[in-house]
Amino acid sequence: MPVLTDPLQLLQALIRCPSVTPYEAGALSTLEQILTKMGFNVKRPVFTDKNTEDVENLYAKMGGEGRHLMFAGHTDVVPPGALEDWTYPPFEGVIDQGKLYGRGAVDMKGGIACFVAALARILEKRSIKGMVSLLITGDEEGPALNGTVKLLKWAEQKGEKWTAALVGEPTSVKTVGDVIKIGRRGSLSGVVTVKGRQGHVAFPERAANPLPLAGKLIQALTQTALDRGTENFQPSNLELTTIDTDNPAVNVIPAQTTIRFNIRYNDVWTKETLMTEIEKRLASVQLKNNDYQYPYYQLEWIPSLGSVFITKNDKLIKTLSNAIESVTGNIPEYSTSGGTSDARFIKDYCPVVEFGLPGQTMHMVDECVTLDAIETLTSVYERFIVDFFA
């Protein structure tokens, strides 16, 4: 059993569990053992969905009446890749020259270890005048179907309500406390399949080449910016991710080609208005069908969870900002940049902010965190918890 007030020992214990999504691999069991010793009531619901693996989750709660602070995170990690590329084994938690190495050190077992250690330090001195809960999933790096979104609904059905939430994702950039996330852009993905008619290149009149139409559709999607950004968000961006024709032959006109794209969108749009805009752009392309009624296109939207949001709870943001400044001297930047996170689900239940370790090495070979950063984040979390319940 690691020392509860030592985030390094806690982090090493978690890293030594190879919990690549969707496998628990002992990570939640280790956390359950630690939290139970601290006085938490721990539950381990398992969720499933069609065509997905069952996923274990953890919900732990302590305290009585009053304000309720949720800490949210995940113990699942991305695959380490080629083991021979790592300086140290990715699931051993080796410390060398002031850094702790391991998959999940930054994203985001480090944040969990720091929060637990911070709370343990407080409990050595005083009790919490309120409630603290940890909402931890094993399905954040994967489809995110059997994790936080279902865990929140499960907890709500049991009567849980939260005053605010802190997500321990690695939001800092260069140093602990330089950036906190107060919102996130939405994500929308689609697939455009352009149907043609296969044929010999020497007889184009007998075929229908989908590629020229695909080029026009791509131009319609990308030639005009979606927007110029807003006060809190950078401009929305549409990125083509694949163009697949699957035709290695140089003398064959292909039967079809597929265009996949993703849009990260700001608060100019809702998911519905953005879908309408994309459909309008595609429809602006004139189809020139031959006698076979080809080519033509089909648009399919890929189901997505969560949408763009901004947290406007000034008290929550200020409490966190003041804690950061008092410990580090940094006045954090309020940001909405980057990818999505499980905060997109939590915002439907309570105000949420995100703050954690510097994320330069997340998902990389030799993912690591400095020992100084771990101690600093623990101190900030400790100050934030105390101030939250003051």
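For all residues, glycine too, the Cβ spot is worked out from N, Cα and C.
Annotation source Swiss-Prot lists Zn(2+) 1 binding site at His74, Asp107, Glu169. Asp107 (Zn(2+) 1 binding site) falls within neither a helix nor a strand when secondary structure is assigned with DSSP, and so counts as coil. Cβ neighbour count for Asp107 (Zn(2+) 1 binding site) (all protein chains, 10 Å cutoff from its Cβ): 27.
The DSSP secondary structure for Asp76 (active site) is coil. The Cβ of Asp76 (active site) lies under 8 Å from the Cβ of Ser19, Val20, Thr21, Pro22, Tyr23, Ala27, Thr137, Gly138, Asp139, Glu140, Glu141, Gly142, each of which sits 6+ residues away along the same chain. The feature active site is assigned by Swiss-Prot to Asp76, with sequence analysis given as support.
As annotated by Swiss-Prot, Zn(2+) 2 binding site applies to Asp107, Glu141, His363, with the evidence given as sequence analysis.
What Swiss-Prot lists as active site, proton acceptor is Glu140.
The binding-site residues under consideration are His74, His363. Their Cβ neighbour counts within 10 Å are lowest for His363. Among the listed recorded positions, namely Glu140, Glu141, the Cβ with the most fellow Cβ atoms inside 10 Å is that of Glu140. Every protein chain shown contributes to the tally, and the Cβ of Glu169 (Zn(2+) 1 binding site) ends up with 26 other Cβ atoms within 10 Å.
Comparing His363 (Zn(2+) 2 binding site) with His74 (Zn(2+) 1 binding site), their Cα atoms are 14 Å apart once rounded.
Within 8 Å of the centroid defined by the CB atoms of His74, Asp107, Glu169, the record's Zn(2+) 1 site, lie the Cβ atoms of Gly73, Met108, Gly111, Glu140, Glu141, Gly168, Pro170, Ser341, Gly356, Met362, excluding the listed residues themselves.
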